[in-house]
Amino acid sequence: MEFTHLNESGRARMVDVGGKDDTNREATARACIKMNRETISMIRDGQMKKGDVLSVAQVGGIMGAKRTSDIIPMCHNIFISGVDIEFKLHEEEIEISAVAKTRGKTGIEMEALTAVSVAALTIYDMCKAVDKGMVISDIMLIKKTGGKSGDYERESI
């Protein structure tokens, strides 16, 4: 397997995607944030002093996707045609999923992964006053379509 972000000397480089064809691309990512049951109840009931946690986390995740190339060194600045973030509240965790879409020369996996990561960090920030033991985990790519390398779907979680 070849690392495309390394040049012949083994040093980092940004891959040249100029000769690639534009294709429709989509990526789905997931993250979890574990917390106390009381914290989940406060989020569900809108009792956090900082505001509507999930609405702010949704906007934060979208903003994160848009800024991916600013924080991931070799990531291309791409046109994002859409990002959607969903939250599933469980007894002691929130499952975050993001779907990001583009039509371009390079994939959108990093934008989807950044979206769920920033959404989880936003939840942490908004809830840390009542629950310092929260754990962000299981950040992963679930599915990607489009591009030269083909489609990918995680078999199990």
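Glycine is treated like the rest: Cβ placed from N, Cα and C.
Noted in Swiss-Prot for the protein shown:
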- M74, C75, H76, M110, E111: substrate binding site (BINDING)
- D125: active site (ACT_SITE)
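Positions of the features from Swiss-Prot, shown on the structure.
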residue	record	contacts (Cβ under 8 Å, 6+ apart)
M74	substrate binding site	H5, A12, R13, M14, V15
C75	substrate binding site	T68, S69, M110
H76	substrate binding site	M14, V15, V17, S69, K105, T106
E111	substrate binding site	A27, A65, K66, T68, I78, I80, V83, A100, T102
D125	active site	K50
Exercise for review: Run through the Cβ atoms and count how many others sit within 10 Å of the one on M110 (substrate binding site).
Suggested key: 22
Check your understanding: For the substrate site given as M74, C75, H76, M110, E111, which other residues of the same chain have their Cβ within 8 Å of the site's Cβ centre?
Key -> T68, S69, I72, N77, I78, T106
